[in-house]
Amino acid sequence: MKNLANNVGVSTIGIATFFLTVVVVVLIEHFTTFNIFTLSFFIVFPAGALICGAAAASGYYFGALWLHRRPTILIFVQILLVAAIAQFAIYYGEYRLLDLGDGRMASDVVSFKDYLDVYLSSTHLRVGRGALDTGAVGNFGRVLAFTQFLGFIVGGIFVFVMLRVYPVCEQCARYLRILAKKTQLFSKQEDFTRFYDTVFEVPVDGPDFVTLMKWQQEKDEKAVRGTIQSETTLRGCPHCKTQRISQEIKVWGEKEFRDVPQLTRHLRIPDGIDLTSAFKTV
């Protein structure tokens, strides 16, 4: 019974974010004439549709995390349906709000099907830094609409994948909550090597671990090419209190830190040890 209630809860939150996304996109278009989901790069990369599809399905992500429901085929199907329907729901919302300017609404004059046909064929493209208007694209508007449809779908799939890879307690299969984070920078390779090779070798509930986690380079030192960043995250299960440490390593390139996935590692904390206070002291 509890599982059924949780499934219904996840679906309810998912449907709520679907409606919220549609309403927000429609109202923004109505008051500004800017349609978020039509935003694209290189004409055919539907960035706006990806964002809107992910936003429409985001309720399933947050609902599942909140209610500790693992992603199932049922949730996946719902996410796909919500992401797919969102585009047409936005079209319909814009259709219902379109004022023809003579006291008549578009919905009083033409059917939704006819409106959509005219809308897609009269779509305009704006390209280049000056946003040059290319004029109505005609039948190519349907191609653009299809790429946007795919963008909505991919956005929904992205949400599902993020839910699938979210850390889970090995004992009770509940989602782990973030308890604390610690970011450390190393300008010298030898300092990082000493830290990386030692920090998980000492007892995590001892003073040496706290000392290593406290290490930090001088505050006035800025990240330069080759600077190494260690981000250590402590997660815990709200049910059985199991804790796990995840450590991700990044290296500063020309303009930003880049992941070094082969150095990412995880450590399960022995039962009965709580590192929350230890992380807070660092």
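Each residue, glycine too, has its Cβ placed from N, Cα and C.
Nobody curates TrEMBL annotations by hand; they come from automatic prediction.
Sequence annotations record features per position, and here TrEMBL assigns transmembrane segment to 7-28 (among others).
Positions annotated as transmembrane segment by TrEMBL: 34-61 (among others).
Remote same-chain residues near the transmembrane segment (73-92) are listed as 7, 10-11, 14-15, 18, 21-22, 25-26, 29, 35, 37, 49, 52-53, 56-57, 60, 64, 112, 116, 119, 145, 148-149, 152-153, 155-157, 159-160, 163 (criterion: CB distance under 8 Å, separation of at least six residues from the stretch ends). According to TrEMBL, the transmembrane segment annotation covers 73-92 (among others).
Sequence-distant contacts of the transmembrane segment (143-166) (same chain, six or more residues past either end, CB-CB distance under 8 Å): 37-38, 40, 43-44, 46-58, 60-61, 64-65, 71, 75-76, 79-80, 82-84, 86-87, 120, 123, 125, 137, 175. The transmembrane segment annotation in TrEMBL covers 143-166 (among others).
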Original post:
Residues sitting near the transmembrane segment (7-28): Cβ under 8 Å, six or more positions beyond its termini, same chain?
Top reply: 34-37, 52, 55-60, 62-64, 66-67, 69, 74-75, 78-79, 82, 85-86, 89-90, 93-94, 97
